[in-house]
């Protein structure tokens, strides 16, 4: 074994090269240290973790390790950005929801096109996946339009809570089309979700006709709740399509289909309805830009969270959307949610939380 001379050691320290292999961010430090004891270093000598060189390398490895809870923080930030974007949608009442969706598609298109050119993925996609990409674009754009329309019709909290019933519909649709297992637990979560939606909608045939008589905007509230429920169904179908596609298609290409088809659909619908117009108020124009920015930011942080954190904890933290919706509704609209809404929210959140915990437990086995 040839010892390392002092000159070589000095050169190594001056160059800043590590004296041992640094473990990856996701690995444990203890096994890495054990391997160092049994393996010779780059200079042909044996390293000891208790030596100054070994301790310095261990400190560098700890610095490069991901911060605990960083993925959950990204999820929390994503939920906040999505909620702020929803707040701006609720604020812009003079512009049709389809036009708001069109502006968001245009903004995201300006970001996606350079990304696709840089990644050299093309704009069409693999031949066998194009039909699924088209379906993803149609279903995803419909889900976006319906959600924005629900925000304009009903309260921010009610629309957000009902949209959280998406995982339940995802399980049902995946069972039908992808032949995934639908367990009794999934049936229980579905029952909880349906109960929560019923408590929020409060149909007169269950709660009596006085509910509709005491609330002058009850018909609009029911319409908004049904639109939010339709959004949850379309969003669930979109998720099933994305599961079918898997990793065979770049995720940027999937977003591209969602944006371009959504823009085409919005232009056609606005031309038929005759609702295409620029907002007269400069504040509304600013809100339209911010809706696109916050929506894109929420997607980016959510994707980043899923890269460094498991899907189960991310799904649990995603329920903060509901909390932010309640806070914004009280602060900016001075609208205190009813106890029916609170009870329905607890049912829906319990359902989505239970489904997330169950999948998380299965993934760790």
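Using the three backbone atoms N, Cα and C, a Cβ is placed for every residue, glycine included.
Given the ranges 206-224, 339-357, the record in TrEMBL names 339-357 as transmembrane segment. Scored by C-beta pairs under 8 angstroms, the transmembrane segment (157-178) has its highest count with 225-243, from the stretches 70-89, 225-243, 286-303. Listed by sequence, the residues of this chain that lie at least six past the ends of the transmembrane segment (339-357) yet keep a Cβ under 8 A from its Cβ atoms are 155, 157-158, 161-162, 164-165, 167-168, 171, 185-186, 188-190, 192-193, 195-200, 202, 311-312, 315-316, 319, 322, 326. Just going by CB pairs under 8 A, the stretch in 101-119, 131-151, 185-205, 225-243, 286-303 that sits most against the transmembrane segment (255-274) is 131-151.
Sequence-distant contacts of the transmembrane segment (225-243), counting only residues of its own chain at least 6 positions beyond either end whose CB sits under 8 Å from a CB of the stretch, comprise 132, 135-136, 139-140, 142-143, 146-147, 149-150, 153-154, 158-159, 162-170, 172-174, 177-178, 197, 200-201, 254.
The transmembrane segment (131-151) shares the most Cβ pairs under 8 Å with 101-119, out of the stretches 101-119, 185-205, 286-303.
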